[in-house]
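Novice: Here's the feature list from TrEMBL:
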- His109: active site, proton acceptor (ACT_SITE)
- 12-31, 91-94, 175-177, 201-203, Ala219: NAD(+) binding site (BINDING)
- Tyr56, Arg59: substrate binding site (BINDING)
- Cys117, Cys120, Cys136, Cys139: Zn(2+) binding site (BINDING)
- 1-232: domain 'Deacetylase sirtuin-type' (DOMAIN)
Amino acid sequence: MSQIRNIVILTGAGISAESGIDTFRGGGGLWEQHRVEDVATPEAFARDPNLVLRFYDMRREAIQEKLPNAAHFALAELDAKWQGNLLIVTQNVDDLHERGGARRVLHMHGEHLKAWCTSCDVRSHWRGTLLDRPPCPVCQARTLRPDVVWFGEMPYRMGEIYGALREADLFVSIGTSGAVYPAAGFVQNARELGVQTLELNLERSQGSALFHETRLGPATEVVPAWVAEMIQ
Ligand code: NAD
């Protein structure tokens with residue numbers, strides 16, 4: 001790994017699983033009680049805004065009680081010590097990377113703790129409810145929605161992500177099933193660019209064969225072990 005200078009890390013719900021946040025397709029989670037189409041699409045919001053807002057209110061409240069785990073802390077240590085470029089692209093809408101201390105984090109699917117005003121296009125930090133249609137702190141319109149990218153919407157800052165991949169020497173995918181595009185396609189982009197690829201996951205993801213190396217195990221074990229190798 002000595003010739004590695006620029007790193008892009010993609011994280012998914014699996015890195016927050018041991019903090020007690022349900023993964024998308026794991027058993028028994030909130031996602032299981034709701035079909036994705038009923039809560040995580042623009043069509044669902046147009047059809048039944050109260051159901052969608054109540055669902056996101058619950059998720060927003062729940063994540064604030066959760067704590068970062070050893071995997072979040074390890075990536076924060078890597079972020080602090082790594083001299084080259086490093087970008088943590090997360091599909092997660094929780095804030096556990098930031099609370100773990102990481103700074104170079106890009107939320108491609110938005111953030112639970114932000115509300116987006118569709119009238120004035122300003123994003124505001126948000127911790128409470130959106131169900132009672134509070135006014136936007138900037139323009140006062142009652143048009144706030146969760147600042148979360150729903151299925152069928154364009155993820156954020158894709159140009160920056162592809163730019164970082166073009167510069168990367170190593171692409172690492174952590175705790176993601178490889179089922180949600182475009183994030184699931186990053187490994188293919190990386191391979192086409194000649195970038196080394198590593199998967200850290202509990203079980204092999206759908207795109208597992210595309211990685212040069214796969215290490216299986218819980219994120220709180222495999223991530224700190226990998227980070228220790230990188231910063232030794
Ligand atoms: P996913 O649920 O589809 O896949 C989770 C992956 O994590 C699986 O491959 C699973 O094997 C792995 N995993 C489970 N427990 C693990 C552990 N302890 N250690 C390591 N790996 C573990 O999640 P995804 O691929 O991130 O895609 C789901 C979508 O849902 C994303 O778009 C994301 O925005 C959203 N989501 C976010 C959160 C969050 O913010 N924490 C939670 C659920 C869903």
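Heads up, the Cβ atoms here are built off N, Cα and C, so glycines get one too.
A TrEMBL annotation is a machine prediction, not a hand-curated record.
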Novice: Between the binding-site residues Tyr56, Arg59, Cys120, Cys136, Cys139, which lies closest to Leu202 (NAD(+) binding site), Cα to Cα?
Specialist: Arg59
Novice: List the Cα distance (Å, whole number) between Gly20 (NAD(+) binding site) and Arg59 (substrate binding site).
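Specialist: Cα-Cα distance, Gly20 (NAD(+) binding site) to Arg59 (substrate binding site): 12 Å.
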Novice: Once the chains shown are all counted, how many other Cβ atoms turn up within 10 Å of the Cβ of Phe24 (NAD(+) binding site)?
Specialist: 17
Novice: Would you mind pulling the DSSP three-state label for Cys117 (Zn(2+) binding site)?
Specialist: strand
Novice: With every protein chain in view, how many other Cβ atoms are within 10 Å of the Cβ of Gly20 (NAD(+) binding site)?
Specialist: 12
Novice: Counting distance between Cα atoms, which of the binding-site residues Gly12, Ser16, Tyr56, Gln91 is nearest Cys139 (Zn(2+) binding site)?
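Specialist: It is Tyr56, whose Cα lies nearest.
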Novice: Determine, to the nearest whole angstrom, how far the Cα atom of Gln91 (NAD(+) binding site) is from the Cα atom of Cys136 (Zn(2+) binding site).
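Specialist: Distance between the two Cα atoms comes out at 26 Å.
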Novice: On the 0 to 100 pLDDT scale, where does the domain 'Deacetylase sirtuin-type' (1-232) sit on average?
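Specialist: Reported value for the domain 'Deacetylase sirtuin-type' (1-232) is a mean pLDDT of 94.
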Novice: Compute the C-alpha separation of Tyr56 (substrate binding site) from Cys120 (Zn(2+) binding site), stating it in Å without decimals.
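Specialist: Between the Cα atoms of Tyr56 (substrate binding site) and Cys120 (Zn(2+) binding site), the distance comes to 21 Å.
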Novice: Please go through the recorded positions Gly12, Ser16, His109, Cys139, Gly175, Leu202 one by one and keep those whose C-beta falls under 6 A from any atom of ligand 1; give the result in sequence order.
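Specialist: Checking each Cβ against ligand 1, the ones under 6 Å are Gly12, Ser16, His109, Gly175, Leu202.
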Novice: Compare the Cα of His109 (active site, proton acceptor) against each of the binding-site residues Gly12, Ser16, Cys117 and report the nearest.
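Specialist: Comparing Cα positions, the candidate nearest His109 (active site, proton acceptor) turns out to be Gly12.
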Novice: List the Cα distance (Å, whole number) between Arg59 (substrate binding site) and Gly175 (NAD(+) binding site).
Specialist: 19
